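Copied over from TrEMBL:
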TRANSMEM  7-24  transmembrane segment
TRANSMEM  30-55  transmembrane segment
TRANSMEM  75-96  transmembrane segment
TRANSMEM  116-137  transmembrane segment
TRANSMEM  158-176  transmembrane segment
TRANSMEM  213-238  transmembrane segment
TRANSMEM  250-271  transmembrane segment
TRANSMEM  283-305  transmembrane segment
Amino acid sequence: MDGRRGHALVFAACSTSRLVMLLTRLTTDVFGILTISLVLLAVVLGLVCIFHSLYFQFCIRRRHYPQLNYFNGPWVSRIILIIICIWWGFGEIIRLSYLKSKIVSDQAWQKTICKFYVVSNLGFAEPSMFLLLSFLLHAALQESGTLSPRWNRKTLSYVLLCCIPILSMHFALVSFGPKYNNEVSSAKKRNIAKFFRYVGSSSNGDTICMYPLLSTIILACFYVLLIGYVIYICTRLLSLVINQGLRRRIYVLVTPVIILPSRAALLSLSILPPPGNWLYEGIVFLAFFVLLSSITVGVFMLVYFPVADSLALRNVGHVETEGIPYDDYYYDGVSLISNQTHQDVISDESPMRASIPF
């Protein structure tokens with residue numbers, strides 16, 4: 001009797017274990033497919049934005065619409081922003097255990113991919129995307145700086161300078177992290193390992209890319225500084241803007257930046273469940289979706305809509321710009337200090353809404 005009961009318990013335990021493994025595998029596949037689909041959709045939208053920017057620049061260069069040159073000053077920074085976004089999406093795809101185990105079978109290479117992901121995405125792509133977005137937003141406050149070819153070079157230089165400390169810290173993290181991951185003999189070292197651990201193993205032996213707690217703390221500090229900077233810019237813009245359409249765009253731009261701390265909170269929670277667990281995959285996917293949503297809104301507001309609005313000016317046959325001094329028009333029309341003539345062009349009833357850098 002006891003033997004039968006023992007066999008029944010063993011059978012139930014095996015069945016439960018198989019069910020958990022099946023659920024984990026199914027969850028990993030579902031979130032992996034969703035992540036790949038969303039990234040590919042974002043890449044397509046990014047390529048459309050690049051095409052619009054290049055087409056607009058082509059029209060200006062060919063002298064079809066020279067009067068619109070002041071609206072496309074930051075076109076290089078816009079394109080580089082989208083390229084970095086695509087690079088970030090590529091990193092989000094290769095970190096997936098759903099795809100990584102199918103492409104690379106060697107465990108050492110899988111760990112190298114996780115190391116690359118931490119340095120590339122968390123250390124460079126993510127901060128640089130939001131820095132570029134904030135600088136593009138700040139361009140609306142400048143008089144004519146974005147019209148200078150040096151503006152793009154200076155902006156990209158500032159982004160690199162700001163990213164170097166974050167990139168260096170993440171590089172040091174993945175360099176010294178394995179030392180603590182291997183020395184887990186004591187509880188103290190196990191707690192320290194949570195700050196550096198960027199790779200783990202699931203119940204079925206797959207290598208899982210993890211988010212080190214120290215990396216999350218670094219990003220959280222960056223988010224706090226970013227939110228303060230963006231709110232400062234938007235407050236100044238709101239004091240200058242009289243167009244209701246522009247005010248709505250500013251509110252839309254602030255919202256995805258404010259929710260960025262929720263991504264840091266989700267990443268910090270990802271160290272609690274076992275790597276590869278369905279709960280872990282769900283938390284990581286939500287953190288990915290928060291960032292993807294924020295970037296998508298920023299790109300549309302600061303890249304796609306400004307170019308689309310400017311292209312809409314082609315249908316306005318009475319654009320009175322040729323007689324207006326170059327710097328004066330840019331300051332009035334682009335820096336949001338609008339006189340009555342420009343209010344008629346970009347009023348709430350106008351179909352082009354707000355043809356300015358954001």
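For all residues, glycine too, the Cβ spot is worked out from N, Cα and C.
Unlike curated records, TrEMBL annotations are generated automatically.
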Quiz prompt | Best-contacting stretch, by C-beta pairs under 8 Å, relative to the transmembrane segment (30-55) and drawn from 75-96, 116-137, 158-176, 250-271 | solution = 75-96
Self-check item: Close approaches to the transmembrane segment (116-137) from elsewhere in its chain (Cβ under 8 angstroms; 6 or more beyond its ends)
Solution: 74, 77-78, 80-81, 84-85, 87-88, 91-92, 94-95, 155, 158-160, 162-163, 166-167, 169-171, 173-174, 198, 209, 211-212, 215, 219, 222, 226, 229-230, 233-234, 237, 253, 257, 260, 291, 294-295, 298-299, 302-303, 357-358
